[in-house]
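Copied over from TrEMBL:
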type	residues	note
TRANSMEM	35-52	transmembrane segment
TRANSMEM	64-85	transmembrane segment
TRANSMEM	92-113	transmembrane segment
TRANSMEM	125-146	transmembrane segment
TRANSMEM	167-187	transmembrane segment
TRANSMEM	207-230	transmembrane segment
TRANSMEM	286-304	transmembrane segment
TRANSMEM	338-355	transmembrane segment
TRANSMEM	367-387	transmembrane segment
TRANSMEM	593-613	transmembrane segment
TRANSMEM	625-645	transmembrane segment
TRANSMEM	657-678	transmembrane segment
REGION	692-720	region 'Disordered'
COMPBIAS	693-702	compositional bias 'Basic and acidic residues'
Amino acid sequence: MAENVADRKPRSKVECCGYPLSIFFIVINEFCERFSYYGMRAVLVLYFRYFLQWDDDTATSIYHTFVALCYLTPILGAIVADSWLGKFKTIIYLSIVYTVGQVIMAISTIHDLTDTDRDGTPNNLTLHIALSMIGLILIALGTGGIKPCVAAFGGDQFEDHQEKQRSTFFSIFYLSINAGSLLSTVITPILRGQECGIHTQQKCYPLAFGVPAALMVVALIVFIAGSSMYKKVSPQGNIMLKVCKCIGFALKNRFKHRSDQYPKRQHWMDWASDNYDKRLVAQIKMALRVLFLYLPLPMFWTLFDQQGSRWTFQATTMDGNFGLVRIQPDQMQTVNPILIVILVPIVDAVVYPLIKKCKLNFTPLRKMTVGMLLAALAFVVAALVQIKIDETLPKFPSAGTCQMKVLNLGDSTVNVDILGVQYTTDSFKATPYKDFPSEGAGNFIVSYGNNNTTSVAVFNSATRHTLLVKNAPTVQSLLLIDTNKKPDEGNNAIRFVNALENITLLIKAGSKELGHVLPFTSSGYALLPEGESEFVFSYNDTSERTCKVSKSFGFGSSYTVVIQNLICESQQVANLTYIEDIQPNTIHMAWQIPQYFLMTVGEVVFSVTGLEFSYSQAPSNMKSVLQAGWLLTVAVGNIIVLIVAGVSQLPDQWAEYVLFSALLVAVSIIFSIMAYFYTYVDPAEIEAQFDEEDKKKDDHEMSTIPVYDNEAHFPKQSKM
């Protein structure tokens, strides 16, 4: 019977420095779980784009669908914990689901799983996609389900006299969240950038997803290890269900009494007072007033969460060389948690006091409006950066046209005429790309002085070509097909042209074997990472010879390397000419810092203030309801990304940034009008009035309790 009415307490209460020892297990668990979640999420959109080979829009849509699901499931987790299993069992069971999801996700990234022909590309992407979707659904269910439970479970470990320690615990808990987020966002992109594989070496997504999966296993083991020390509060009934039932009854009762014969009530929730306590009705009214203000808020999260999708894609077209450190595109997301740690104390200790000294009434709702406007400004800055990036990107051929450049391997100037388009270039030089209509087979004339030849080639629509020409011993030409897109993930596409006479070369670029390249032919492309790469050239004329050359590359370039001469003796000499087909990224990733700064300041002013405002305006038993409502705004914000990105169909990315910015400005104006008419209340004061009324009612009931006179045997009214 005691088990039914009392909370389960640990067999022996163990303390460390005045804190329950159990909370250290909870803090470590939260650090590992947040590392697992944010580490996986940091590389997720690039996994979609480059491993599953989805386009930018599809990758963005699935990414934001996943994030939205992660913020919808906390409602389910709260209901299960409060109404059925309790926080402890909910955390255990959903952490197991979470861990299984992370393991499945890591398995889905192993390219060798279906790479039957061992060419480095999965042969059955459908299987990888199916495993990924199953993993992501389980992860969303797990991370969202435990989200409303872990912090509250930690708070349950303290006794009433440990209020100070409880407050410190929540600060440490929040620090563990940010520490896990920051470290994982730095580490997992580095792991992704490595190369691994059984048969072929590719970007190491299995390691990038495997480490978060391992951390989730650690999180589960650590949490279970502290089981005997936890204070486990029994389920008390879910307030959210009670609120929903009360609101449903009010609407149903109002609909039943909609005719004019029934007197009107001051508020539609007053129709619930026929069946529910007036205190509960008043508390729901206060909560609904705050929830009404939440309606415009999802638009902020629509912009905020694009840091992990659109802004990461933007970084892939930028230069990440910071001197001694080379930043991966997905690592730029670390700017946000770093700035959070710096800006939160500055804003609280410096900015707000200065505003107060200026005697400006900077209310919470005004702060939130400013935060929304700062986020909109961040997207304007992102649009300006995108415009500058677009100016540096190559202009690839459109439908109905193709592009060609001429690379002269001869010893004198060459002239080429194709469909009336003229090319002229000197020895071992290349012309720029020129456009001409693609009409299938076409004639071109190659002229070295008086020596010329006419040839036929096929030019397909929207293709790029390089025409190799030389004049010794006779005029010759060879049409190559060039890459017609920027290399993915900031890699560099490098190929080699053998301009040596009568020597076949065996070429290795980095870890890529390019095979034998005959004279006056080209190798295939090798995708090399940024930084220094080594080329190895081997050939056999009178004996086996090998030359080694190193070259440093930037991000996202494409080169045709012409091998003019090799002397592979004791003093190795390699005469190479680098023809730039696609220039490397020239806009530095540092230009993203202003937009991250504005967005982070907006987050500090908006999110931290919003949580504080919700807490201060919520009745004591409705704080979990408003927490669920706040998380719901994040989910809806990610759904808006899907809708706007799908409907807008804008041709340029910068235009989409401007569209999102304009939408947030419009929403912030609406929010400011709603805030103007909002009246701040003190829920504690209102609840105190009900306490006073209840006390008077109890006193009145006590005063009417019948007291029997033993002599007269009839009741008298008590004078108590």
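Yeah, the Cβs are placed from backbone N, Cα and C, and that goes for glycine too.
In TrEMBL, annotation is done automatically, which means it is predicted and not curated.
Fair warning: this is a prediction, and the values are worked out from it, not measured in the lab.
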Folded-back contacts onto the transmembrane segment (125-146), same chain, C-beta under 8 angstroms, at least six residues removed: 33, 37, 40, 47, 51-53, 66, 69-74, 76-77, 80, 90-91, 94-109, 113-114
Whether the transmembrane segment (367-387) meets the transmembrane segment (657-678): three or more C-beta pairs under 8 angstroms: yes
Stretch in 64-85, 92-113, 338-355, 593-613 most in contact with the transmembrane segment (286-304), if contact is a CB pair under 8 A: 593-613
Cβ-based contact of the transmembrane segment (207-230) with the transmembrane segment (35-52), 3 or more pairs under 8 Å: yes
Contact call for the transmembrane segment (92-113) against the transmembrane segment (35-52), three or more Cβ pairs under 8 Å: yes
Long-range Cβ neighbours of the transmembrane segment (593-613) (under 8 Å; 6 or more residues past either end): 290, 297, 300, 303-304, 307, 311, 332, 335-336, 339-340, 343-344, 347, 364-365, 367-368, 370-375, 377-379, 381-382, 385, 630
